[in-house]
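What follows is one structure encoded as structure tokens, with my remarks underneath.
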Amino acid sequence: MLLLKKQTEDISSVYEIREKLGSGAFSEVMLAQERGSAHLVALKCIPKKALRGKEALVENEIAVLRRISHPNIVALEDVHESPSHLYLAMELVTGGELFDRIMERGSYTEKDASHLVGQVLGAVSYLHSLGIVHRDLKPENLLYATPFEDSKIMVSDFGLSKIQAGNMLGTACGTPGYVAPELLEQKPYGKAVDVWALGVISYILLCGYPPFYDESDPELFSQILRASYEFDSPFWDDISESAKDFIRHLLERDPQKRFTCQQALQHLWISGDAALDRDILGSVSEQIQKNFARTHWKRAFNATSFLRHIRKLGQSPEGEEASRQGMTRHSHPGLGTSQSPKW
């Protein structure tokens with residue numbers, strides 16, 4: 001699919017702008033109707049003056065989206081350029097964000113979570129087959145296509161995606177609680193970082209709180225570097241061993257031993273009947289409501305901040321001794337009382 005930038009003096013000659021859908025770091029997304037038809041798009045409007053120094057990021061997003069055609073990935077339909085703006089006409093998805101939809105459900109089971117994760121795995125496996133690493137998978141980037149109950153889930157936001165020309169990538173990026181250990185260590189990394197993020201998302205979908213959490217970034221990073229998480233009681237008491245086994249394979253600290261997307265798709269929790277049909281909506285929705293209003297989980301992240309922290313603390317990147325001696329772990333967001341550190 002080759003999408004050339006179509007030149008226009010005024011985007012209103014191409015689309016009727018209806019309303020604002022949202023905004024990002026340097027763009028706004030508008031609901032727009034194509035002139036001469038009833039076709040609606042999500043129009044990403046990027047001022048060129050905001051692009052100075054960021055041109056490569058946007059060009060990369062366009063390059064990635066041009067290569068993609070998958071039923072569970074939001075499509076780029078057209079690209080327009082005016083003297084002042086760049087416009088990306090994206091497939092319109094109207095079903096809302098993942099967590100919001102879970103909260104609105106009448107019931108929610110492991111089988112529902114398994115079905116969701118399976119769809120995302122299929123989309124990410126497709127990206128990986130093209131040599132594309134998403135690099136910023138998180139619940140906010142998982143949207144429902146329609147408001148209907150049987151709607152499919154869609155992967156969105158390819159601003160940080162990268163086409164993996166060689167074997168590994170080197171630029172650290174992502175969102176704090178979802179980044180893989182090798183990314184924090186600033187080692188070359190690849191597709192396995194997406195699998196790790198899917199492990200974090202799968203964990204949250206089954207209990208409503210994140211596996212790695214602390215108000216202090218250095219301690220959060222230390223937990224991630226050690227892959228230090230637990231299946232806390234009572235939140236995990238009714239979750240199957242198969243689900244826990246699946247998550248362990250995705251949250252494997254060593255990227256060489258971590259499941260690939262294909263291996264994850266073949267796990268019985270995804271491909272078989274291992275996912276339980278017990279309703280877990282009450283517990284999960286309560287924890288989602290409690291934990292994901294936190295702006296902490298929406299901050300942008302660059303791993304250089306982590307390196308500054310550990311240098312000040314005199315730690316190695318593995319973050320062992322200084323964190324044992326100098327930091328106290330805050331209460332886990334899913335738990336009512338402070339826990340002892342998980343050393």
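A Cβ is built for glycine as well, from the same backbone N, Cα and C atoms used for every other residue.
Copied from Swiss-Prot, the annotated features are:
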ACT_SITE  Asp136  active site, proton acceptor
BINDING   Leu21, Gly22, Ser23, Gly24, Ala25, Phe26, Ser27, Glu28, Val29, Lys44  ATP binding site
DOMAIN    15-270  domain 'Protein kinase'
MOD_RES   Ser338  phosphoserine
REGION    290-311  region 'Calmodulin-binding'
REGION    314-343  region 'Disordered'
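Overlay of Swiss-Prot annotations on the structure.
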residue: Leu21; record: ATP binding site; contacts (Cβ under 8 Å, 6+ apart): Val29, Met30, Leu31, Ala42
residue: Ser23; record: ATP binding site; contacts (Cβ under 8 Å, 6+ apart): Val29
residue: Ser27; record: ATP binding site; contacts (Cβ under 8 Å, 6+ apart): Lys44, Cys45, Ile46, Pro47, Ala50
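With the fewest other Cβ atoms inside 10 Å of its Cβ, the least crowded of the binding-site residues Ala25, Val29 in this structure is Ala25. Mean predicted confidence for the domain 'Protein kinase' (15-270): the pLDDT average there is 89. The two recorded residues, Ala25 (ATP binding site) and Asp136 (active site, proton acceptor), show a Cα separation of 15 Å. In sequence order, Cys45, Ile46 are the same-chain residues whose CB sits within 8 A of the CB centroid of Leu21, Gly22, Ser23, Gly24, Ala25, Phe26, Ser27, Glu28, Val29, Lys44, the residues recorded for ATP being left out. Counting every protein chain shown, 22 other Cβ atoms lie within 10 Å of the Cβ of Asp136 (active site, proton acceptor).
Overall, the recorded ATP-binding residues Leu21, Gly22, Ser23, Gly24, Ala25, Phe26, Ser27, Glu28, Val29, Lys44 cover a maximum inter-Cα distance of 14 Å.
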